[in-house]
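Below you'll find the structure, written out as structure tokens, and then a few comments.
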């Protein structure tokens, strides 16, 4: 079975990696689909996010990374011939939000399932938004992002 894990990954976090690692054990193939979130201000350009995600997941043989233009997730499922959408939830609010999206996707295509993986307890507080904010004040985030992302954040903040 093939799954897609869509998101902006700006930046990819250890929380994302936790979900990817677990999804890679469940599915034959996992495609991480990077796109722009129209509701968020980005830190890294899409091409840089693609590079960072590729570097962070290189140890997973059955995981690939794709960069796409903004599109409906259900269209991406069809484009990549996936069977399942993977989503992560850190808490009850995330779950309710993801449930709404999953139900809307099911309304658009009843054949597509969404699997929501709950964050491991040690990752449940990590969010890309919080990391962007902490990094903007040159705070330390090395424990919550992959090393390549930490280095990119340091470089980005030092250039501003």
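The backbone N, Cα and C atoms fix where each Cβ goes, and this holds for glycine too.
Lifted from TrEMBL, the feature list:
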{"type": "DOMAIN", "residues": "4-133", "note": "domain 'Cytidyltransferase-like'"}
{"type": "BINDING", "residues": "8, 40, 73, 87", "note": "substrate binding site"}
{"type": "BINDING", "residues": "8, 9, 16, 88, 89, 90, 98, 123, 124, 125, 126, 127, 128, 129", "note": "ATP binding site"}
{"type": "SITE", "residues": "16", "note": "site 'Transition state stabilizer'"}
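A separation of roughly 9 Å, to the nearest angstrom, links the Cα atoms of residue 8 (substrate binding site) and residue 128 (ATP binding site).
For residue 124 (ATP binding site) paired with residue 87 (substrate binding site), the C-alpha to C-alpha distance reads 14 Å.
Rounded to a whole number, the C-alpha distance linking residue 128 (ATP binding site) with residue 87 (substrate binding site) is 15 angstrom. Counting in whole angstrom, residue 98 (ATP binding site) lies 12 from residue 73 (substrate binding site) by their C-alpha atoms.
Each of the binding-site residues 16, 87 was assessed for Cβ neighbours inside 10 Å, and the highest tally belongs to 16. Neighbour count (other Cβ atoms within 10 Å of the Cβ, all protein chains): 21 for residue 73 (substrate binding site). Mean per-residue pLDDT, taken over the domain 'Cytidyltransferase-like' (4-133), amounts to 95.
Between residue 126 (ATP binding site) and residue 73 (substrate binding site), the C-alpha separation comes to 23 Å. In this entry, 8, 9, 16, 88, 89, 90, 98, 123, 124, 125, 126, 127, 128, 129 make up the residues listed for ATP, with the farthest two CA atoms of the set 18 Å from each other.
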